[in-house]
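**Student:** My structure is below; once you've seen it, I'll send some questions.
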Amino acid sequence: MTDLIRYTAAETATAIAQGDVSAVEVAQAHLDRIDAVDKRVNAFLHVDSEGALSAARAVDAKRAKGEELGPLAGVPLALKDVFTTKGVPTTAGSKILEGWVPPYDATLTGRLKDAGIVILGKTNMDEFAMGSSTENSAYGPTGNPWDLSRIPGGSGGGSAAALAAFEAPLAIGTDTGGSIRQPGAVTGTVGVKPTYGSVSRYGLIAFSSSLDQGGPCARTVLDTALLHEAIAGYDPLDSTSINAPVPAVVEAAKLRDVRGMRIGVVKEFAGEGYQAGVMQRFNESVELLRELGAEVVEVSCPSFTLAMPAYYLIAPSEASSNLARFDAMRYGLRVGDDGTRSAEDVTALTREAGFGPEVKRRIILGTYALSSGYYDAYYGSAQKVRTLISRDFDAAFAGVDVLVSPTTPTTAFPIGERADDPLAMYLADLCTIPSNLAGNAAMSLPCGLAPEDNLPVGLQIIAPAMADDRLYRVGGAVEAALNDKWGHTLLEEAPAL
Amino acid sequence: MPGITREEVAHLARLSRLELQAEELDHFAEQLDVIIGAVARVSEVAGQDVPPTSHPLPLTNVMRADEVRPSLTPDEALAGAPAAEEQRFRVPQILGED
């Protein structure tokens, strides 16, 4: 039953609930798919066959007893290897955590399990989520299922590739500067960065605490919404968790009606560096929204041009502090402890051996930005830019319900092309960073293939904080209209693996 | 704004507890100089009277009740330790001999 891997999460859950198929059959079909293609894709760092089958058996047993199943019970999921999983290795893509087995579950992991979602394994990522290509993983790059010689985006390239390669219908990512949305855009899948504080960070290995946000990824807008509802909500274990009801995202995803909505096109997200085919598909999407009955206006957010520089000061600054915990004393790698060296020397040797180049660059950059003499000019100014960006968003949202832009300036680039050119790599996140700095909500969904390279283009939708439902309302309508126009989903055009 | 020198990078690496190799220092110094050149644009706003934002949520002093709750056992907490002894993390010497 190879079709099982092509079902949406919603279809799979319904089939399981109706008894058309067992959760074990669904899990096995996906484990077989992983077995068949993942040597080439490298989306997974760890496949937990035993755990997945046992979780699936539990769902089947619950159904047999006539107990009520949740809306995603028995649906398989690929979990980014940055969330802790009790008893299952967690590396954050780093050598410094190779072989580490967490003694506890992240809140998000626990919620997935409580929902009866079947965790297939842990997915590849840029080390500590620092990157836009998954090439910074200590465990080798992941291929983009559309063209295995190209990057699947990053840092959550493994999760996005697992979806596009039909290895899982659901995945989890984290988005600090675009790490859910940019991989979604370049793999033709859907990804949402929820409002900052609405999905718990407890058990999420920290990169930049004021920006990091876990979120849902899937192949359809409705599946993404179902997963969003399963993972979002207040958590007392996360001191930055928002104690408010989760917006009705599933309802919004089913609405498929944007009539009367006001949509703003961000003027600053265009021009030099933007691929012609990306802009073409984006402009067509804007036209489509107009045809669907939305009112489209152009808005200007002048401070967004300073978002990238501000981000690459704030995120490394927080990272330099967060990653100080990797000191070789309590868990993870320890190098050079031969009985003669001091703890300080062992720490420095371990971090040298355990961290990759991008992580080291960012730790040094962050240490620099926070050092006396540079603090005001760099970190202090970046914090002011953050205020200006929030003000630009506030002004824009006073006149429109959502903002739209391309998710990324270009389609997937070849593996290796920007690997040792950090600044070129940073440009991949130009359009996604402002939402992290402001803490609002944003989605990327596929809006076609760029004519010049036949690779997926992402449409970004941005909504005010705690108005995540608007993303799904607009995204659901665009997705339905595009699928109607094409007569199929975009991923059906992806080459067979 | 001035760029960053190899000596500064070496100093920052020491502060960051990174025992960088010589060739890494050369490479990073060059790359960081370019990166800092690009991000220095934020100082355009340095003189502006704008309050800084450190965090998207206006939360302060989030407290929870001070109650005994289930937690990791010592064995669980030490399970990932590079070295452990008598229910403690065993670490290299912290103080010098004299």
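The backbone N, Cα and C atoms fix where each Cβ goes, glycine too.
TrEMBL feature annotations, pasted as is:
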ACT_SITE  A:Lys80  active site, charge relay system
ACT_SITE  A:Ser155  active site, charge relay system
ACT_SITE  A:Ser179  active site, acyl-ester intermediate
DOMAIN    A:25-471  domain 'Amidase'
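Please situate the listed features within the shown structure.
**Tutor:** Sequence-distant neighbours of A:Lys80 (active site, charge relay system) (same chain, 6+ apart, CB under 8 A from its CB) are A:Lys122, A:Thr123, A:Met125, A:Gly156, A:Gly158, A:Ser159, A:Ala171, A:Ile172, A:Gly173, A:Thr174. In the three-state DSSP scheme, A:Lys80 (active site, charge relay system) falls into the strand class.
Counting only residues at least six positions away in the same chain, the Cβ atoms of A:Gly93, A:Met125, A:Asp126, A:Ala129, A:Met130, A:Gly131, A:Ser132, A:Thr134, A:Asn136, A:Thr174, A:Thr176, A:Ser179, A:Pro183 sit under 8 Å from the Cβ of A:Ser155 (active site, charge relay system).
In this structure, A:Ser179 (active site, acyl-ester intermediate) belongs to neither helix nor strand by DSSP; it is coil.
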**Student:** What count of other C-beta atoms do you get within 10 angstroms of the C-beta of A:Ser179 (active site, acyl-ester intermediate), across all chains shown?
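**Tutor:** Around A:Ser179 (active site, acyl-ester intermediate), other Cβ atoms within 10 Å: 36.
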**Student:** Below 8 Å between Cβ atoms and chain B: which of A:Lys80, A:Ser155, A:Ser179 make it? I'm asking about the active-site residues.
**Tutor:** none
